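Before any comments, here is the structure.
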Amino acid sequence: MDEDDFDPEFGSRFERERRPACQLYLISPPRFDPGFPEKLKAALDGGEVAAFQLRLKDVEDFEVIRAGEVLKPILAAYDVALIVNDRADLAAQLGADGVHLGQGDGSVEAARKLLGKEAQIGVTCHDSRHLAMDAAEAGANYVAFGAFFPTTTKETTHRPDPSILGWWTTLSPLPCVAIGGITAANAAPLVAAGADFLAVSNAVWGHAQGPGGAVAEFGKLLSV
Ligand SMILES: Cc1ncc(COP(=O)(O)OP(=O)(O)O)c(N)n1
Ligand SMILES: Cc1ncsc1CCOP(=O)(O)O
Ligand SMILES: [Mg+2]
């Protein structure tokens with residue numbers, strides 16, 4: 001990949017040039033319960049959040065669409081990007097801001113065709129420099145590394161060293177996301193290594209002080 005491939009006009013909140021500080025990227029719980037919209041509002045009242053990923057697992061398509069339709073106006077009111085996990089077609093149907101693709105979730109090119117040039121397309125790269133370079137080459141808007149810490153949210157087999165984040169930031173202007181078992185207590189080395197975004201699920205939705213308390217705790221870490 002070449003620095004010249006980076007288009008500064010391709011504006012987005014996933015652009016390191018415009019938003020230099022590390023930011024929070026919330027990942028939804030795997031099921032949508034009726035109380036979730038209030039939990040989301042509480043989280044967003046806790047401090048700044050850049051993006052929210054709708055990551056529902058083992059549910060019918062219509063449930064993803066219904067959840068997305070409920071959450072979309074809330075996210076818009078807080079100026080938070082809606083990213084749909086796994087499915088570019090559902091992201092398109094929802095008019096979401098983007099899609100997150102794992103290695104088995106389809107190509108960046110196909111997602112770009114469906115979603116258009118403004119869409120934010122992220123790609124899981126595990127602990128692989130090679131996958132990250134491929135994703136950037138394919139036109140991704142961010143690359144995601146992880147799982148950095150043990151997590152109960154997903155079975156994981158890759159455990160990158162935080163130095164992969166530093167390596168990436170010196171190589172590419174494309175933002176990098178750190179994910180996996182991240183809490184406000186263990187995130188500092190990832191921020192120091194160069195993570196542009198911390199993607200977090202359980203540490204927010206399962207926090208003893210509630211989602212707002214969790215986001216506020218991350219806010220303290222990310223504002224220093
Ligand atoms: C920001 C972010 N990074 C990584 C993932 C994991 O995606 P994937 O490997 O496809 O696994 P599932 O999340 O689909 O179980 C992610 N969702 N978001
Ligand atoms: C989706 C995903 N991909 C790698 S780890 C992970 C889980 C993130 O959730 P948590 O923040 O609860 O570990
Ligand atoms: Mg996936």
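Placed from the backbone N, Cα and C atoms, the Cβ positions cover glycine too.
All TrEMBL annotations are machine predictions without curation.
Copied over from TrEMBL, here are the features:
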- Gln53, Leu54, Arg55, Leu56, Lys57, Asn85, Thr124, Lys154: 4-amino-2-methyl-5-(diphosphooxymethyl)pyrimidine binding site (BINDING)
- Asp86, Asp105: Mg(2+) binding site (BINDING)
- 24-204: domain 'Thiamine phosphate synthase/TenI' (DOMAIN)
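Highlighted here are the binding-site residues (Leu54, Leu56, Asn85, Asp86, Lys154) whose C-beta falls below 6 Å from ligand 1: Asn85, Asp86, Lys154, in sequence order. Around the Cβ of Lys57 (4-amino-2-methyl-5-(diphosphooxymethyl)pyrimidine binding site), the number of neighbouring Cβ atoms within 10 Å comes to 12.
Compared over the binding-site residues Leu54, Leu56, the count of CB atoms lying within 10 A of a residue's CB peaks at Leu54.
In the three-state DSSP scheme, Thr124 (4-amino-2-methyl-5-(diphosphooxymethyl)pyrimidine binding site) is classed as strand. With a CB cut-off of under 6 A applied against ligand 2, the binding-site residues Gln53, Leu56, Asp105, Lys154 are reduced to Lys154.
Proximity of the binding-site residues (Leu54, Lys57, Asp105, Lys154) to ligand 3: a Cβ under 6 Å from the molecule is found for Asp105. Site extent for 4-amino-2-methyl-5-(diphosphooxymethyl)pyrimidine: among the recorded binding residues Gln53, Leu54, Arg55, Leu56, Lys57, Asn85, Thr124, Lys154, the largest C-alpha separation is 17 Å. A C-beta separation below 8 Å, combined with a sequence spacing of at least six in one chain, links Lys154 (4-amino-2-methyl-5-(diphosphooxymethyl)pyrimidine binding site) to Ala147, Gly180.
Here the Cβ of Asp86 (Mg(2+) binding site) has 20 other Cβ atoms within 10 Å, regardless of which shown protein chain they belong to. Long-range C-beta contacts of Arg55 (4-amino-2-methyl-5-(diphosphooxymethyl)pyrimidine binding site), restricted to its own chain and to partners at least six residues apart, with a cutoff below 8 Å, comprise Ile27, Ser28, Pro30, Asn85, Asp86, His100, Ser201. With a 10 A radius on its CB, Asp105 (Mg(2+) binding site) counts 16 other CB atoms from all the protein chains. Spacing of Gln53 (4-amino-2-methyl-5-(diphosphooxymethyl)pyrimidine binding site) relative to Asp105 (Mg(2+) binding site) is 15 Å (Cα to Cα, whole number).
Here the CA atom of Asp105 (Mg(2+) binding site) lies 10 Å from the CA atom of Thr124 (4-amino-2-methyl-5-(diphosphooxymethyl)pyrimidine binding site).
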